[in-house]
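J.: Structure below; questions to follow.
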């Protein structure tokens, strides 16, 4: 009997997930705010290209904690919101999200959620750096809860393949989504502190010989020239050297040469499926295929645990709940 009750519960949960997903649709604002995509794009085109990667990352970090509900954008008076969690300390672009949201509010007051604005911004950030374009399913609502210690659901750059697949599976994302979305690292920079353990302290011995043996040694020497200590949290390094402002397939070329910046990038070579994907795309011959895969995985990630219908709210300002 108990197992039957469990089956029913699981079935209902699956239906609920399906409904939430079904409620997101591409033309959600076609009557209530038909200009929303145009308004967002106009603002995104004015933004410095250096904000593209941070905006993409912010959407990712939003979806992995409480689903894509705009909770990463919330401030808290006592610094206990998601943006105060360790993995989010290096997020930037919050002020720009506020600018875009204000423009959307001017066009359509109290209509478009911060979560949807961020999803559209992330899509445009990719497209404006020469990446794929896709139709974003819309209709997310904003959450009003944001808790810093919940950011432990975010995949750390130090993760091995097992940890990565577990954290992605918890969000209904599979190994293909993992390898595809990791390629977001084709744009942007990272602080040294996110990968210096590979250079100085790989097994915890803290000495110059304690290095990650899977990292290309020539590249390691280059990185050591830039990041001079384990705790360097000011120096920035290009994640995809030479084309870090362009969304392309070079990320796979870099990873295939064992020059992926993070341990999590290198981890893609430790699994047969993800390694084969990296190697297929390292040559750059299947750009359209990868672009289609990336768009599909972004849509899938954008569906994670969304609030729809009467759930949540439409925040007027992204940094504070309406009842603030």
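Note that Cβ sites are derived from N, Cα and C of the backbone, with glycine treated the same way.
Caution: TrEMBL annotation is automatic and unverified by curators.
I grabbed these lines from TrEMBL:
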- 61: active site, proton acceptor (ACT_SITE)
- 62, 65, 67, 69, 71, 82: Ca(2+) 1 binding site (BINDING)
- 155: substrate binding site (BINDING)
- 185: heme b binding site (BINDING)
- 186, 240, 248: Ca(2+) 2 binding site (BINDING)
- 33-108: disulfide bond (DISULFID)
- 63-68: disulfide bond (DISULFID)
- 114-318: disulfide bond (DISULFID)
- 192-227: disulfide bond (DISULFID)
- 23-322: domain 'Plant heme peroxidase family profile' (DOMAIN)
- 1-22: signal peptide (SIGNAL)
- 57: site 'Transition state stabilizer' (SITE)
J.: Residues other than 62, 65, 67, 69, 71, 82 within 8 Å, Cβ to Cβ centroid, of the Ca(2+) 1 site?
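T.: Near the Ca(2+) 1 site, beyond 62, 65, 67, 69, 71, 82, sit 61, 63, 64, 66, 68, 70, 72, 143, 146.
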J.: For the C-alpha pair, I'd like the distance in angstrom between residue 57 (site 'Transition state stabilizer') and residue 82 (Ca(2+) 1 binding site), rounded off.
T.: 14
J.: Around the Ca(2+) 2 site formed by 186, 240, 248, list the extra residues of the same chain whose Cβ is within 8 Å of the site's Cβ centroid.
T.: 183, 185, 187, 243, 244, 246, 247, 249, 250, 251, 254
J.: Starting from residue 82 (Ca(2+) 1 binding site), work out which of the recorded positions listed here (63, 108, 155, 240) have their Cα within 10 Å, and give them in sequence order.
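T.: Checking each Cα against residue 82 (Ca(2+) 1 binding site), there are no hits.
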J.: In terms of Cα spacing, which of the recorded positions 61, 65, 155 are within 10 angstroms of residue 240 (Ca(2+) 2 binding site)?
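T.: So far as Cα distances go, none of the recorded positions lies within 10 Å of residue 240 (Ca(2+) 2 binding site).
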J.: Work out how many Å separate residue 114 (disulfide bond) and residue 69 (Ca(2+) 1 binding site) at their Cα atoms, rounded off.
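T.: With distance taken Cα to Cα, residue 69 (Ca(2+) 1 binding site) is 8 Å from residue 114 (disulfide bond).
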J.: Taking Cα atoms as reference points, which of the recorded positions 33, 155, 185, 192, 318 is nearest to residue 68 (disulfide bond)?
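T.: Among 33, 155, 185, 192, 318, 318.
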J.: Considering only the recorded positions 33, 63, 108, 155, which fall within 10 Å of residue 69 (Ca(2+) 1 binding site) when distances are taken between Cα atoms?
T.: 63
J.: For residue 71 (Ca(2+) 1 binding site), what residues in its own chain, 6 or more apart in sequence, show a Cβ-Cβ distance under 8 Å?
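T.: Counting only residues 6 or more apart in sequence, the Cβ neighbours of residue 71 (Ca(2+) 1 binding site) under 8 Å are 62, 65, 81, 82, 142, 143, 145, 146.
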